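Working notes for the structure below.
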């Protein structure tokens, strides 16, 4: 799922391989008619019974159990689950394999932000062939729309990351900070906390493309508009400016801890109260439990702060889908496995293992909502998180070359965090870099 | 490794420039500089050793350069070898395998080629040499993706060959051997051996190799380090965790901290890294004097 810190080394390799992915895309993007259903559910079931070999590239830890259970139910299917590094590492490997034309897996885990890139380069197949349309309503709206490109469906949602506010209650109580309901409250809390304890910050952010786009999403900004190969990028819209206005204030007053996410320092900060809150996807609890054991009982979850009091708007942060590759020799079987993993038994098993589900059945189940999290002081956190999932703002799309765009985010926007210009300037730079790259790849940028 | 001015075996037979001898003992600038270098290189190592004694929680809650309350080194070592069904040992074995075949083969190949280039006149020698010099300048990282595409065509990605074959070509090692062979193997010996009727391979293995041995050890050490630390190539080539070298394995453990639902095991990453460099340090300490003598080759004109 998300946010691997960028590695310059990999960036170099990515840019090489992306060219191949992008070039192939320019001629087919205008074709937006979804494939007709030619494979019925009965065909899928028959393929599962007939068996065969499947190679699955996925780093999601809960899939290990799913694969084991799946092979018990369908003993003739042999699944080779390969953990191929998360995020960018896997995309690099996948694009290399596609370009080489050998060693391409049947099923790949692809994060929502990256899916359209693989869709447009025809690396992954349109699931309408298998009647995926009939799964309407099976998934929560955020992830379900994330796997769509027009009417085409390129993946089945595996998990979901509706955003919420995770906060360290001990720190909040100690400094008399109330749970911020609006972003205005949040900024005030940031100032109050840092003034009371100069070694504590409301949150950390040193520049993270995924976080930025999710925040703009919630604020109502829709900087990317994608129609086939025609793309527009505009970070000057009011929604984006709402977010940059707030965040620039926090940066200027040095109210954000300059700690990169997912680093050891970040885990340390989450444990010792240096980082008092996180606005992040609903998949966070297992990471706190595993990475910050020392802070057990201190953290709680609250709804994401709002732009106007009384609103209930959230956005998605991270989350990934499973997709069938175009190169797969046994797409029907691959789809059968995906359906098992994301809709059928797999969805329940993964939820039980701590993943945040993308399926309405699991998210609305009483057992799920009433689950008490000992780590979160016994809080029934899923009530908050399920509500967040229901309130994801519609209409967001990522660029068909978002993987590249995110990899150059820090070159422009990152500077704003270290005092080089403003966020708005940085976003303009990011927009220009993305536009230039898109044009080089044959996209029409408006 | 600090290059203290010791007596180098290979340098003994040539007259030493007077300046070096005079400065030898008491140079304050040199002492200060080497001390700074020593601290600079030892500090991360000290951090690694100290951190390897901490638990995952201790790592995050204590000062980096001093010990934490509980001493968890043995526990960490135990867990490194048992975590994920003890795959660490498998990775360590893989690395040793890649190093023996890859670095060993690379050293042999570069000795043969370097000797050939240094001691035989043939057409195109300058061109070959230019290509080698050029290859030294190309970072292996830049070649990784093209190599992957090539190997995919040959159907050997995700096999041990995908790691070993590129490891066999280390241009710098070849260059080193060429320079060394040029200076360390006198033409007169080769000529007299030929007059006595020795075959070329016999001359190489019986006469040249003993003369080349300090250079061979230098090249071997260099190749061992390069192969032992190889990360990017296996990252691109290998999918099967059972084939991973230790670098890539530890990297995937570290990545778990950046994965949703992943098991955060910084303590195992650190202890695993410490264990992984022990063989390298041992190799250096054992072969140190050859390493130094090898480095000096070519620096002095005879």
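Any Cβ shown, glycine's included, is placed from N, Cα and C.
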Transmembrane segment range according to TrEMBL, out of B:30-50, B:51-71: B:30-50
Stretch-level contact, the transmembrane segment (B:264-287) and the transmembrane segment (B:161-182), CB cutoff 8 A, at least 3 pairs: no
Within-chain partners of the transmembrane segment (B:203-228) [C-beta distance under 8 Å, separation at least 6 from its ends]: 9-10, 95, 98-99, 102-104, 106-107, 110-112, 115, 119, 167, 170, 172-173, 176-177, 180-181, 184-185, 189-190, 193-194, 246-247, 279-280, 283-284, 287, 290-291, 293-295, 297
